[in-house]
Structure formats: C-alpha cells, structure tokens
C-alpha cells in the first residue's frame, strides 16, 4: 500500500520530477547538437543534418526495445533505472567530448585530435538514444501503475501534470542551454562553451536518476506480464506462414488473411490484431509529416545562424528559436480545443479526426513554403562562397591608386585603391576608440581611416618605426555584410508548423487511442513512434544525397512531397470506417467460450487421430517382423 497525500500517491512526485529533469536533459542537449556538429566537429550543413536525424531516428526506434524489456523481462522500475544509468553515462561522455583542451596540445584553440572528439560524441549519442528511447514507453505507464482502480480522476490529473512537466523541461532547456553554449570557456583558450551546454543536461540526468531511485520504497511495482507487442507479432507471423503453407487452390479462401491464424489463436485476439492493422495501415503516409517537423532542430536552426537575432533589449541565439514551438503549443492547444473546433462544428462542417490530420499535413507543407521564401531572401544577402571543389582568392590593394589584375583563364579586372584618410591623435585616445569598437591596437601615434561599420569590419595594418615612435596606418573595410534578415521572420514558419502539429499530432494520438483495442494501445503507441523514426530517416537520406544545390529548393521539395502524401492520406481516410473497439471486443468475448470449446474438441480429435495413426504404425511394424 503506497503512501497518499491529498488523495494522490506520494510516489508520483518522484516520477514527475524525474520526467522534468530527463526532458530538460534530452531537449537541452538536442537544442545545441546541430551547431556542435557544425562549429566544433567542423562538419558541413548536410553531414550535420544527417547525423542529427540519425540520432533522432534512433531515439524513436529504441522505445520498442524498452517496452519489450520492461514487459517481458525486467519490469518497468528496473528498466527505467538501468537504462537511465546508460543515459547518464552517455550525457557525461557528450560533455567530455566537447572539451577542446583535452587534445589541444599546442594551445591554439583547435583540437589536435578531432577523431577522439568525434568518436566520443558518437558513443555518447548512441548511449543517450538507448536510454531516452528505452525509458520513453515505461515512465508514463509506471506512473499510471501507482493508482488504484477507483482513482481514475487522480490518474487523469497525473497525466496532465506529467505532460506539463515534459513541456516545462523542454521549454526551459531550449531557453537555457543555447545561452550556456554562447558563453566562452576553456583552460588555454576561450571557445564556445559546448562542455557547459552538454554538462548541465548531464547533471540534470544525474538528478533525475537519484530522485527516481529515492522513491523506491513507495512505488507499486507490477511484475512483467509478457509483452502484447510480441504476441501480436507472433500472431501475424503465424497467419502469414499458415497462409503460405495453404496457398494452393484446393484450400478455400478466408475473409481476411489474419483468419489463417485461427488454428492457433483465439478469435478475440485475431479481431484485435485486425483493428490494430487497420489503423497501422493509415500510419504509412505519416512519416513524411515528421520528416518536415523535426527539421526545426536542424535545417531551421542552421537557417537561423545566417539571420540577425538582435531584438534590441536582448539577443536570441540561433538554437533558441526552437523555443517558439513549445510556447505556441501551450497557447494553441486550448484555443483549438475551446474555440476553433467548436466554431467549425457550429458551421455544420464534419471535421473528423482524419480530416484534421490532413489539414495538419498541409499546414506543415505551408510552413516549408514560408521557410523557402525566407531562404531566398537570406541568399540575396549571403556572399557567394566557393564550393568544396573550388578555391576563392581575394586581392587587396593597399595603395591609393587602382591596380589591374590578370588571372589565367579569367577576364582582367581592376582592384581599386584604399584612399586612406588620416587622423592624428594620442595613443591612449585612439586605443580607447578602438577598444570601444571591439578592437585593441598597440602603438604610440596612429593614423586610421573612418570606420563605416563598427560591428563587422577587418583592420589591415602596416607597421613601421620612426624616431622611436610607433606609427600605424589603419583602414577599416567591410568584408562581409552583416546579417540583416531578422530572425523574427522565422516565427511565421514556426506558427504554421505548430498549428499543423496541434491538428495532426494531438488529433492523431487521440484517434489512435479511440480506435485501439483495450489491451493494444501500447502497440499503436509503438507504431506512432516508429513513424517519427522513419520520418527522420527520410531527412537523412535527402540530406546525404545533397542533390539540390540551393537550400530553398530542398524546402520546396519537402513541401511538395508532403502535399502529395497528404492527398494520398486524404483518399485513404475517405475509405476508412470508424470502429468501436469496445463493441467489437464484447461481441467476440461472448463467442469466446464456444470458440475455446471448439478448439479443445479439435485438439482432442487431433490427439486421437495421432494416437490411432501411431497404433496403426506400430501394428504394421509387428506384422512385418512376424513375416
């Protein structure tokens, strides 16, 4: 008997805190991951995106493994503890992999053995994926186990608080870890502080593990009862094998291919599997939505690095823009539920769950159209950098007169002169001026030109000494224009994507729950998570192929693919017939006793036939011996 406070088991406090810390750890690490690949490891955008989505896909594949381990072997508590330890080790390894001083032997700020850092980070990500994915299906279910049958209202409230803790952890970590990353840290040289950005999530995972174990004596722990997913897979496998073994025309056809499992499995289980397969068939087009949705943490974050994040009172980091999604989720979910859906119903429109999901897919495609239009504007301000197979050469003329330049295979061109303007002043006054503009130049007497852009400039210097005085000619030039497309423009695509998520994801989960048999809701949950994994695999395939030269074209490609898939899904939804699983199950439960008796009779008949055949065989052997 667990302890209670205000009608709730005290044990759920430990579970909620654990979930908050774990989600903070996961989303905090994930928020800065793609920038870690790009700026620390040194990968290009395509490879950074590929590895990022490989990691996310793995995080959504491992829940199936976690569910099987928990239900068939260790139980939920031990599974959560053991995999959380793996998870924590992975986070610590990630933090260590980001310490550049470990291999920076010459202390120039750049790691001398990048293979070590890459290998460590890959090991850390694999362990994190096993941990976070493995405990994903266990924690919420373990929290539900803490309530007794008469505490349905309290259980419902717990799941609301549990969901709130997930969003709170995601929101805070997405806000905080990019700020930590933007700091500079290091022993010998100061660099972006990825060790701190990964270290804080690692510390939160340690807290999550300690808190969860601390509630050990208060938990209600159910022993493993076998995994329904394995049972479903075995039933499907038997039906396929049995159908293949009876493929000749002499065997009469059956109404459904799953009916070929009747020789071994109850009709109730077969009916439940049929209902599950009917919903899983609708899941086939869904990965394309997640292929677009999860690019918020990769392509959209990389897009934000080429934009201006100065909001006046504060500066938004590129990886902080992801926080727009959870903020809009909190706002949009109640608005859609209490205002939009009731209004549509009053207008007499039958906005079924599957139609909502179709609209959600179209909204996500519109979000990528908005991202493509924004990318076109960004590309107009970004310099035309050389590709990996090209080399760029810059000619700087330090004289006052133009200089003609001839390069073999190129048209002749002229490099204009500097036209340096002069200013005389004391070294201290000029030092102060340059210090205020983020530059420090040592010298005695100085001559320098006007600074047209104080934020983004390059100083070219020529030194010479005269009569013991240091003289310096300085000209400030703007090499690359600063980012002038504001990051706030991304809010449009985030808003469209979040609206799509609300009407697609929230509706999809509710639809799956309503159409699932009572004992197979976890099977459909596993199927839903699998669509997320496949969606991320689609992204890494497209990113690795890298056949499109322009990023905006890739955005348009994804938008078009999702529109095409949403049309296919709309056609599939049109022919879908909504079910009442409880009614179907009740019908088969009435027939179950007769079905069991029939099977017992069949088994007895088979046993008798086997016995007769065996006796006949033995008698034949005896006769042959006598002869």
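Any Cβ shown, glycine's included, is placed from N, Cα and C.
Noted in TrEMBL for the protein shown:
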TRANSMEM  50-68  transmembrane segment
TRANSMEM  80-99  transmembrane segment
TRANSMEM  119-144  transmembrane segment
TRANSMEM  156-176  transmembrane segment
TRANSMEM  196-215  transmembrane segment
TRANSMEM  275-293  transmembrane segment
TRANSMEM  323-344  transmembrane segment
TRANSMEM  356-378  transmembrane segment
TRANSMEM  491-511  transmembrane segment
TRANSMEM  523-543  transmembrane segment
TRANSMEM  555-579  transmembrane segment
Positions whose Cβ lies under 8 angstroms from the transmembrane segment (323-344), at least six residues beyond its ends: 167, 170-171, 174-175, 296, 351, 490-491, 494-495, 497-499, 501-503, 506
- prompt: Which residues, given as numbers and ranges, are at least 6 beyond the ends of the transmembrane segment (491-511) yet have a Cβ under 8 Å from it?
  reply: 286, 289, 292-293, 296, 300, 321, 324-325, 328-329, 332-333, 336, 353-354, 356-357, 359-364, 366-368, 370-371, 374, 528
- request: Could you tell me what the rest of the chain brings near the transmembrane segment (80-99), counting residues at least six beyond its ends with Cβ under 8 Å?
  value: 22, 25, 29, 36, 40, 66, 70, 74, 117-118, 120-121, 123-132, 134-135, 138-139, 142, 194-195, 197-199, 201-202, 205-206, 208-209, 212-213
Query: Does the transmembrane segment (356-378) reach the transmembrane segment (196-215) with at least 3 CB pairs under 8 A, where each pair is 6 or more residues apart?
result: no
Query: Under an 8 Å Cβ to Cβ limit, what residues of the same chain, 6 or more beyond the ends of the transmembrane segment (119-144), are close to it?
result: 12, 15-16, 18-19, 22, 26, 29, 36, 41, 55, 58-63, 65-67, 69-70, 76-77, 79-80, 83-94, 96-98, 155, 158-159, 162, 219, 522, 525-526, 529
- prompt: Counting only residues 6+ away from its ends, which parts of the chain sit with a Cβ under 8 Å from the transmembrane segment (196-215)?
  reply: 10-11, 13-15, 17-22, 24-26, 28-29, 32, 36, 80-81, 84-85, 87-88, 91-92, 94-95, 97-98, 173, 176-178, 180-181, 183, 185
